[in-house]
Amino acid sequence: MRTGQKHFGVELTNWAIWYQAPAIVKSVYDKRIVGCPGGEGEDEHDVVWFWLEKGKPHECPVCSQCFKLDVVGPGGPPDGHGDDH
């Protein structure tokens, strides 16, 4: 997708900037729940909640803001159990 194209009927003027410089969310786990409130003014929307996972950038389905998880601790699942449980 490129700047100027329409995504869900919205012209994407900042998409390239958002995707190349996503909002960085820090976590001590490999995934966490994140909420996107949109931008300010006309770009604001109800909070959209989603799981953000290590190595999987996520794009808000409403405003197309991109998010990326930065694991700052040992990582692992947030419930404290590995895949063997």
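Any Cβ shown, glycine's included, is placed from N, Cα and C.
Curation does not apply to TrEMBL; its annotations are automatic.
Annotated in TrEMBL:
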type    : residues                   : note
BINDING : Cys36, His45, Cys60, Cys63 : Zn(2+) binding site
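The Zn(2+) site, placed at the center of the C-beta atoms of Cys36, His45, Cys60, Cys63, has further neighbours from the same chain whose C-beta lies within 8 angstroms: Pro37, Gly38, Gly39, Val48, Pro61, Val62, Ser64, Gln65.
The binding-site residues under consideration are Cys36, Cys60. Their Cβ neighbour counts within 10 Å are lowest for Cys60. A coil conformation is recorded for Cys60 (Zn(2+) binding site) in the three-state DSSP classification, outside any helix or strand. Its own atom aside, the Cβ of His45 (Zn(2+) binding site) has 13 Cβ atoms within 10 angstroms in the protein chains shown. Around Cys63 (Zn(2+) binding site), a 10 Å sphere centred on its CB holds 20 further CB atoms from the protein chains shown.
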